[in-house]
């Protein structure tokens with residue numbers, strides 16, 4: 001049987017329950033899912049690459065048990081299609097929260113298909129309970145001392161609280 005490999009790219013700064021929702025759905029589509037953390041030299045993320053790897057690994061293990069081992073965390077810079085090819089992925093996962101996401105992601109999928117016709121983009125709609133969550137809003141709420149526990153895994157909530165307590 002051919003192993004289906006997918007790549008789900010993002011900054012994951014921080015990992016949210018919305019990201020976990022997409023990762024869970026991805027496990028139904030692929031045997032192995034790479035959570036690919038985009039590294040952009042011009043951006044200063046709140047969490048380092050190493051911290052984001054650890055948070056993703058901790059959260060997926062806690063949330064998915066043994067299935068969490070099917071999620072691998074990697075870094076990439078440059079084009080996501082190159083990251084997918086490097087990992088041997090034939091599927092690129094994209095989460096959709098709303099129509100705005102769909103419009104943008106359809107444009108990206110079209111461009112990616114032109115450059116890499118062997119890769120299939122799969123859109124996964126977010127569950128209603130996580131559709132409003134964005135990492136940007138989570139960071140803003142955390143920076144103002146708000147309760148971010150409904151929006152992120154427990155390990156991420158602790159790490160965010162510690163970051164902003166300094």
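The chain as shown is numbered from 1 upward.
Each residue, glycine too, has its Cβ placed from N, Cα and C.
Over all protein chains present, the Cβ of residue 11 (substrate binding site) has 18 other Cβ atoms lying within 10 Å. The substrate binding site annotation in Swiss-Prot covers 11, 43, 80, 94.
Per Swiss-Prot, the feature ATP binding site maps to 11, 12, 19, 95, 96, 97, 105, 130, 131, 132, 133, 134, 135, 136; the stated evidence is sequence analysis. The DSSP secondary structure for residue 19 (ATP binding site) is helix. The Cβ of residue 19 (ATP binding site) lies under 8 Å from the Cβ of 10, 12, 35, 95, 135, each of these being in the same chain and 6 or more residues away along the sequence.
Feature annotation from Swiss-Prot assigns site 'Transition state stabilizer' to 19.
Residue with the densest Cβ environment among the binding-site residues 80, 96: 80, by other Cβ atoms within 10 Å. If you compare Cα positions, residue 105 (ATP binding site) sits closest to 80 out of the binding-site residues 11, 43, 80.
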